[in-house]
Amino acid sequence: MASEITNNGNGEMSKEERKVYDRQIRLWGYDGQKKLREIKVLLIGMQGLGAEIAKNLILSGVNSITLKDHTEVSILDCCSQFLIPRDSQERNRAKASMSAAQKLNPNVKVIVDTTPIEQNVDSFVTSFDIVIATECSPTTYKRLSELCRKAKVKLFIADVYGLFGYFFQDVNFKHNLYGEVFLDNDKIYTDSLPAKIPRPYFLTSALLKFQSESNRKPNPDTCEEDVEELKSIVNPILDQLNIGNNIFDEYYGELFCELSPTTSIIGAMVSQTAIKNAMDKPIEKYNVFFYDHIEHEGQFHLL
Amino acid sequence: MAAAIAGVFQPEMQNLIKESKVLLVGAGGIGCEVLKNLVLTGFSELEIIDLDTIEVSNLNRQFLFNKESVGKAKSHVAKTSVLKFNPNVNITSHLGDIMDTKYGVAFFNKFKLVINALDNKKARSHVNRMCLSCDIPLIESGTMGYSGQVEFIKKGVSLCYECLPKSEPKSYPMCTIRNTPKEPIHCIVWAKFLFGQLFGESDEDVSVDQTVYDGTETKVSARQWAEIIEYDPKKLLEKIFYDDIKYLLSMESMYTGKKVKPVLLEPSFFETEVVEYRHVLDSEVLTLEQCKSMFLDCIVSIKQKLDICQNKSLVWDKDDDDFMNFVVSSSNIRSAIFNIPLKSHFDIKSLAGNIIPAIATANAIIAGQIVIHALRILSGKYERCQSVFLRELPNHKGQILVKDKFLQKPNPKCMVCSTDGEIVLSIDINNITVKQFEELILKKKLNMVAPDVLVDGRMIISSDEDDELDLYEKTLAEAGVNHGSRFSVDDYFQNYSIKIMLQHKEKAQEEDPDFEIFGNLEELNTAEKNNEAEPEENDEDCLIEKDESCVERVDDDLSTSDEQAHDMVTDKKQEDDSVIKEDMMDSDPEVIKVDQEISNEEILAMKRKADEASEDINEAKKSRVD
């Protein structure tokens, strides 16, 4: 395999590369493709959403991508993790994804990393152009946001809950940090946020608070208790704002696991936004994106 | 497979996912992504059909394929690939054309839901009709570059694919192509015709027939002449780019009073040495001398291909390097003669091959929304299934995935999904045969497969060959058709029928269109009044459809849905605050109306250049070119 790997980013694009990338070069030009070939990406979390992001960025032809995950393959991966063959004997998620990921595009350096991000020193992230994190704890997200801001490394934080999903981005180092948007105390709503808060924000905040308290995402095994727990977090806030408690009734039934339709949407939104960054065309007016699976709408916000 | 795990979905939803049999039409860009999403969500009864094989240029997005699978059937490879991450799914893959009669009503009736991931209007129309006639919900989709859309179609509930008129392919006047090219595209279209004339079966003559002095002075076609001289590259070069031009110039009045006039190349051009051109990148423009060398070389290679197929005929294909070089070199040499700027290989390929840019991310977003639509449709929440549009950039509210405000109701006058659909056909009944009527109007224009036609109660066309009507060579008039005749046309295969009212209109001049179709008589009358009001400009009237015969088999290409989805993205009428309308506000509405079927590439090429040139232009401005 190794001999097949061309050194992406070094030297001119080969004729073969031009052929593979033809349909996208016709969209973003050779210059865009050249910029992509120089980008080094750190991707944390290789569940379904991670697999989607890895797929999109490897296909696009970035220079390298480091797949970082210290956790083991679980039964829930079969909801959306398509890079892990079901007969794989490998237990680590990143390792199990490696072979299928590399096959997507031999021009890209695919690197596996099984160290938990919590154990990495701060300077670790500075060797990357873009850091994308999924499936971490809210505490880790806050730390990443702060240290990427300090090191001026572009950051995306994304998660999918069932058919609902969101991402946070810090690409121009000006807007609120992750911890300033998603607070972990009871006061989810603050005056520093814009007057018109999008509804999915409350749902996201409740999910993050659930995660902080329970140390896990809502789970299909315990779906009924988990929904009750979520309601107990979100309803007082809705009451405080005079919003009816029933606005999320339709949402609760579809918040478990990372489900493929939404990992597909959020994964592609994050990847496309990251690609635009690599080409110096960031969507920088906003810092949060929600996909609302009941309304079928995807919207950016500045929070 | 999410639906295999208790608690992930509500129990009813879980069963619907496990039990519903779904047909996916197309295993290209959107198809691969949809198949992955369906399988992971837990759909376990799937059939997938595609007629295409895998090409290298698919690999930047069709992630179920890789280098080793190039040349193999998309549908089969897609199936094999998804089975690796979910072996517990029952997938039947078909290598075939969904328009084939073996996929009839009985085939469609097996499915609870059909998903279109196609790349051409003809197949889309066909599946639309099949689903209407079987009353199966259909999800229609498409992407183009960064944008895309998902539409839900159900008989009597929503707009059907054909409820709103689709734009026609861009056409160029034949006389412009032959005699007075003004833009690179004219020379490119010409070069493709020339290819057909020299190596294929085209009847479009763009090179002058030759007189052979064999004592009797017989006139032979360009292809016959080329065969006589055994495709001698140099002789071809001189004939096409010198003798033919000289002939054009010899025709008096051809260029009098016209701005366009060819200039003969120096005779020395045909004598000079061969120059190297292979090192030139495809993004750079070749010199005229390099074009000449490329032309000479590719004639030799194409002749070899002709020999291999025993001198039958070749069909131009953008993915064949020699065929592509033929169009690059000959269109550029012709451009030089007519003082038109030369173009790079890359740009010519976009135009000649009608290539729509395509990326993995847009396909993945559309495919995700398709499966969410599928879940809503299966649980009967049709009112939730408005069209959803993916925009290139967020609108002023930050929305990038935007839906229509309401599910749009069917068009009561739709000639496909409404029962009392009648259209008016204006045609010269003395100037068209029954056969031409069937081929050009019923099959090509109205997308039928096997029509039966009754005129005022009498059968003139039958899909059953045993009927032996023997009217094919007769004109419509001879077959008993009059001004005001009513045709009742049935396609039993599509289970589709339509009434056509005929209005005889004499074809006075050659440039008049062969036929016109209107929604009703008023439309026809309005059109005629308008025509009288604005006499047409001279040379823009002998219209041909932009070489549909050779544009990348536009009509019969059932593959990557991302390659030609633009007809959907651009045609759709919009509710007030959705995508296109906003875009229109910033831009000249005329530009939007211009058909996108073919000219899209030009717009995209322009857009790409504009993007590169001015990266600081504000976002709203950039998105308007969609």
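Glycine is treated like the rest: Cβ placed from N, Cα and C.
Since this is a predicted model, take the numbers as computed values, not measurements.
The feature region 'Disordered', as given by TrEMBL for the ranges B:510-553, B:554-597, sits at B:554-597. Reduced to three states, the DSSP call for B:LYS122 (ATP binding site) is helix.
Highest local Cβ density among the recorded positions B:CYS160, B:CYS163, B:CYS175 belongs to B:CYS160, counted as other Cβ atoms within 10 Å over all protein chains shown.
The distance from the Cα of B:CYS414 (Zn(2+) binding site) to the Cα of B:LYS122 (ATP binding site) comes to 17 Å.
Between the alpha carbons (Cα) of B:CYS417 (Zn(2+) binding site) and B:LYS122 (ATP binding site) lies a span of roughly 16 Å.
In this structure, the CA atom of B:CYS160 (Zn(2+) binding site) is 23 Å away from the CA atom of B:GLY29 (ATP binding site).
The secondary structure of B:CYS160 (Zn(2+) binding site), as reduced to three states from DSSP, is coil rather than helix or strand. Excluding the listed site residues B:CYS160, B:CYS163, B:CYS414, B:CYS417, the same chain places B:LEU132, B:LEU159, B:TYR161, B:GLU162, B:PRO410, B:ASN411, B:MET415, B:VAL416, B:SER418 with Cβ atoms within 8 Å of the centre of the Zn(2+) site Cβ atoms. Proximity to chain A, defined as a C-beta distance under 8 Å, is registered for the following recorded positions out of B:ASN60, B:ASP119, B:CYS160, B:CYS175: B:ASN60.
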